[in-house]
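Here TrEMBL flags 41-290 as domain 'G-protein coupled receptors family 1 profile'. Taken from TrEMBL, the feature transmembrane segment covers 27-48, 60-79, 91-116, 205-226, 238-260, 272-292.
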Amino acid sequence: MAESNCTQATEFSLTGFTEDPVTQATLFLMFLLTYLVTILGNLGMITLIRASTQLRSPMYYFLGNLAFVDLCSSTVITPKMLVDFMSEKKGIAYAGCVAQVFIFDLFGMTECFLLAMMAYDRYVAICHPLVYPHVMSPKCCFQLVAGSYLVGLINGMGQTISMSRLSFCGSSIIDLFFCDISPLISLSTSDTALSHIILRTSASLFGMSSGLVVLVSYMAIISAILSINSAEGKRKAFSTCASHLTTVSIFYGTAFFMYLRPSSDSSREADKWAAVLYTVVTPMLNPLIYSLRNKEVKEALRRLTKIK
């Protein structure tokens with residue numbers, strides 16, 4: 001009953017990383033550089049895939065969408081964080097917080113499923129190469145990508161609805177550098193049982209199911225690779241998966257650490273840096289991993305930049 005008489009928060013304060021001006025300036029420069037590399041890398045990857053005729057396979061179709069998702073998820077977090085480094089007051093309006101939760105959860109879950117679809121693509125390519133063109137047809141690829149965005153939309157809407165039901169009548173300080181649903185639930189003064197259920201169910205059902213697709217696909221891939229007699233054949237088969245496996249390890253590792261681990265006061269600093277890996281570093285690394293380790297991408301780039 002007391003809750004009905006409380007004053008709902010219209011703005012949240014973000015603690016960020018530190019109050020020390022020198023450290024803030026250093027972090028500002030570091031994250032600005034990271035964001036610029038993220039923008040250039042992902043835009044470059046999207047442009048290269050669209051412009052190059054040799055990058056027309058399903059794998060690059062998925063990769064182009066992954067670059068778009070990384071671009072969007074990074075942009076909804078990093079610019080605001082950079083502004084806060086240079087501001088004395090690190091605040092975000094309630095509406096802006098809701099928007100950040102929705103967009104970040106939409107693209108975060110979309111990336112989970114895109115990575116799962118890319119693992120499935122590698123499974124079909126290595127374990128069933130004869131039926132690969134039929135199974136991974138343009139229509140099928142479009143459906144898989146559309147399904148990934150749809151699951152992301154459902155997740156974003158679910159988390160946003162969960163947040164809209166919460167009351168924030170006490171502290172309005174979020175101990176993080178962006179609005180995430182987990183610390184918001186902890187901050188709420190209303191009954192959070194349903195919000196916890198939605199969060200855990202979403203992370204477990206969507207996150208674990210996409211992770212299971214990745215796990216099963218790579219178990220089959222490793223089994224198929226080990227059955228190859230020649231060492232050169234094994235090397236070539238593994239090289240087609242190395243970039244994706246690296247991306248998956250970073251993304252799922254930090255995501256599971258953030259959302260499926262019991263939270264505690266002693267782990268807040270670790271949570272912040274895990275969130276940095278998940279929201280800032282991974283979108284920057286993905287295009288670098290795929291460009292530096294992929295011969296087809298490097299060859300396509302050489303052809304497009306070659307002076308005739």
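Each residue's number is its place along the chain shown, starting with 1.
Glycine is treated like the rest: Cβ placed from N, Cα and C.
Whatever TrEMBL says is automated annotation, not expert-curated.
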Sequence-remote partners of the transmembrane segment (272-292) [C-beta within less than 8 Å, at least six residues beyond its ends]: 17, 31, 34-35, 37-38, 41-42, 44-45, 63, 66-67, 70-71, 73-74, 77-78, 81, 104, 176-178, 180, 243, 246-247, 250-251, 254-255, 257-258, 298, 301
Spatial neighbours of the transmembrane segment (205-226) far in sequence, C-beta under 8 Å, 6+ residues away: 109, 112-113, 115-117, 119-120, 122-123, 126-127, 151, 155, 234, 237-238, 241, 245, 248, 252, 255-256, 259-260
Overall pLDDT of the domain 'G-protein coupled receptors family 1 profile' (41-290), taken as the mean: 84
